[in-house]
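Reviewing the structure listed below.
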Amino acid sequence: MTIAPEGRRMLRVEARNSQTPIETKPRWIRNQVKNGPEYKDMKERVAGASLHTVCQEAGCPNIHECWESREATFLIGGANCSRRCDFCMINSARPEPLDRGEPLRVAESVREMRLNYSTITGVTRDDLPDEGAWLYSEVVRKIHELNPNTGVENLVPDFSGKRDLLQEVFESRPEVFAHNLETVPRIFKRIRPAFRYDRSLDVIRQARDFGLVTKSNLILGMGETREEISEALRDLHSAGTDIITITQYLRPGPLFHPIERWVKPEEFLELSDEAYEIGFAAVMSGPLVRSSYRAGKLYAQALKFRGEELPANLSHLAETTEGPTTQEASSLLERYGASEDAPVIPRG
């Protein structure tokens, strides 16, 4: 029996993963830190009101840039997830009882932080009869109620593909409905054993048919091939995905899936061009891009592509579309120049 650092028995997959040492990062996996006035104001507000955001608690490398645009992400549903994905650092265990006061608290946090755009994500709640559909819906409703000038992106699990539960979430009408596919069919079951590739695509398809702006994410470096990435992009577009983010897998610790390869900025740039050629409305592609990174900018860009104007109450988001972002592959190549070969090397 193998014991995890916190004293519990390791899962077999964790024991296998732990045999591969943590990998050394290539030179382009680093972040620029700029503390602008909006970031400083947000930081003071968060500290003063003892607020909690994923941005801080997950140590997101993009916190300075997103907060400068007054965008932030919140995790709902508790600290424990009812499923386990091999790339995700959220604890997999029996979830806590449902906290019905959480939606109001999140909405009040959004108000205190004076956000332009908020992303809601959370754990799966297979323990609940509605799998958390009310919770994901209610937090959108409360944010809209208390913050009419704040956009809301709802990044949700699949609710087992149940149409009635998805319909409840759709009817809360977030500005963007997001469900992350994450990886390609061949390795999907190994990486996300409790999810299904086709079911995730169907979730996006249902959201598109409802009339929502849709979004998904692909994580690279977990064993997929270049051809498989292209196939997944085509599948996502066919399912009705408007916005796609593409990112490098960064291993949270030794119990998680080893990194199979470091994807160069040049390949991320190629994938961005390819995604636009396929027909996506908005694309963000780079090693340190995360699915909620500069989400307001992508929403505004997607509406423009669709020939729609920003709602009057969100017209301020038009300002976020100007200029490149720090983590786009094109920006990395500008800063660091052409990348060198970077094989996956265990940290010595």
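In case you wondered, yes, glycine gets a Cβ from its N, Cα and C as well.
As recorded in Swiss-Prot, the features of this protein are as follows:
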type    : residues                    : note
BINDING : Cys55, Cys60, Cys66, Ser292 : [4Fe-4S] cluster 1 binding site
DOMAIN  : 67-281                      : domain 'Radical SAM core'
BINDING : Cys81, Cys85, Cys88         : [4Fe-4S] cluster 2 binding site
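Sequence features, as recorded in Swiss-Prot, placed on the structure.
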| residue | record | DSSP (3 states) |
| --- | --- | --- |
| Cys55 | [4Fe-4S] cluster 1 binding site | helix |
| Cys60 | [4Fe-4S] cluster 1 binding site | coil |
| Cys66 | [4Fe-4S] cluster 1 binding site | helix |
| Cys81 | [4Fe-4S] cluster 2 binding site | strand |
| Cys88 | [4Fe-4S] cluster 2 binding site | coil |
| Ser292 | [4Fe-4S] cluster 1 binding site | coil |
Nearest recorded site to Cys55 ([4Fe-4S] cluster 1 binding site) by CA-CA distance, among binding-site residues Cys81, Cys85, Cys88: Cys88
Which listed residue (Cys55, Cys66, Cys85) has most other Cβ within 10 Å, given these are binding-site residues: Cys66
Spatially closest candidate among Cys81, Cys85, Cys88, the listed binding-site residues, to Cys66 ([4Fe-4S] cluster 1 binding site) (Cα to Cα): Cys88
Which same-chain residues, if any, lie at least 6 apart from Cys88 ([4Fe-4S] cluster 2 binding site) yet have Cβ under 8 Å of it: Cys81, Pro252, Phe256
The domain 'Radical SAM core' (67-281) [mean pLDDT, rounded to integer]: 97
For Ser292 ([4Fe-4S] cluster 1 binding site), nearby residues of its own chain (Cβ under 8 Å, 6 or more apart in sequence): Val54, Cys66, Glu71, Thr73, Thr119, Thr121, Glu153, Leu155
Distant-in-sequence Cβ neighbours of Cys60 ([4Fe-4S] cluster 1 binding site), under 8 Å, six or more positions away: Val54, Cys66, Thr73, Arg290
Cβ neighbours of Cys81 ([4Fe-4S] cluster 2 binding site) where a neighbour is any other Cβ within 10 Å: 21
Cβ-centroid neighbours of [4Fe-4S] cluster 2 site Cys81, Cys85, Cys88, 8 Å, sequence order: Arg83, Arg84, Phe87, Met89, Ile90, Ser92, Val123, Thr124
Cβ within 8 Å of the mean position of the Cβ atoms of Cys55, Cys60, Cys66, Ser292: remaining residues of the chain near [4Fe-4S] cluster 1: Thr53, Val54, Ala58, Asn62, Ile63, Trp67, Glu71, Ala72, Thr73, Thr119, Arg290, Tyr293
